[in-house]
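Participant: Have a look at the structure that comes next, please.
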């Protein structure tokens with residue numbers, strides 16, 4: 001995921017050495033190769049039905065009266081539902097709130113090694129009522145305007161990803177070709193390494209939960225179709241979550257830079 005580039009070659013001069021150190025001015029959150037976390041630290045595999053993703057079949061889908069509804073007026077039902085599903089993925093314990101610990105685990109699963117300072121800044125940005133956790137209205141109020149103003153907003157709609165997987169299914173492209181198709185569609189927000197990490201993580205999650213993904217296919221080719229459907233559903237959530245994290249990282253980086261000036 002790309003953060004705003006600094007003057008010069010765009011590379012940070014120093015890396016964050018520990019969780020308690022404050023990043024230098026203009027420094028990006030520390031990246032690492034795909035980490036080998038224990039199973040319990042991997043992103044949970046959520047089985048999402050197409051109805052939930054594309055038809056808006058959520059209870060209490062409307063934003064609360066306290067949210068800035070005027071800024072979010074241009075958010076489509078599909079975008080709102082995908083943001084809500086990404087929120088559910090981040091909310092590991094399902095209590096309706098995102099904690100700093102849950103946010104940290106989500107970022108680490110995508111290869112980011114945020115310091116405690118960076119996590120605190122992101123949480124402060126999201127936690128509008130100061131209760132130490134983030135509910136969906138707070139999450140949406142911060143993310144919504146960013147999504148509306150994003151040039152790549154259409155790329156994160158589920159039907160775009162479905163179109164990509166239609167090419168994968170019908171043209172029988174290789175996994176390497178699929179990576180390049182995904183990179184071309186999402187390169188404004190994701191690097192090739194991001195895409196590879198997401199695919200690896202989701203494939204591992206699928207293997208660990210094989211047999212639990214409920215799909216509608218039956219017959220001779222059902223196993224292959226079920227597997228592709230489960231991977232696609234999981235990737236939709238993963239890409240939406242990756243976009244959300246990239247937005248939060250940009251906001252955190254801007255706050256860090258402004259605080260140093």
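For all residues, glycine too, the Cβ spot is worked out from N, Cα and C.
Relevant sequence annotations retrieved from Swiss-Prot are reproduced here:
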- 91, 93, 95, 102: Ca(2+) 1 binding site (BINDING)
- 8-33: compositional bias 'Basic and acidic residues' (COMPBIAS)
- 78-113: domain 'EF-hand 1' (DOMAIN)
- 114-149: domain 'EF-hand 2' (DOMAIN)
- 1-41: region 'Disordered' (REGION)
- 1-234: topological domain 'Cytoplasmic' (TOPO_DOM)
- 256-261: topological domain 'Extracellular' (TOPO_DOM)
- 235-255: transmembrane segment (TRANSMEM)
Participant: Have a look around residue 102 (Ca(2+) 1 binding site) and count the other CB atoms within 10 A of its CB, chains all included.
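Facilitator: Neighbour count, Cβ to Cβ under the 10 Å cut-off: 18.
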Participant: Which of the three DSSP states, helix, strand or coil, fits residue 102 (Ca(2+) 1 binding site)?
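Facilitator: DSSP assigns residue 102 (Ca(2+) 1 binding site) to helix.
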Participant: Hey, for the Ca(2+) 1 site built from 91, 93, 95, 102, who else sits with CB inside 8 A of the CB center?
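Facilitator: Same chain, not in 91, 93, 95, 102, Cβ within 8 Å: 90, 92, 94, 96, 97, 98, 99.
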Participant: So what pLDDT does the topological domain 'Cytoplasmic' (1-234) average out to?
Facilitator: 61
Participant: What is the number of other Cβ atoms found within 10 Å of the Cβ of residue 95 (Ca(2+) 1 binding site)?
Facilitator: 11
Participant: When the number of other CB atoms within 10 A of each residue's CB is tallied over all shown chains, which of the binding-site residues 91, 93 has the maximum?
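Facilitator: Going through 91, 93 one by one, the largest Cβ count within 10 Å is at 91.
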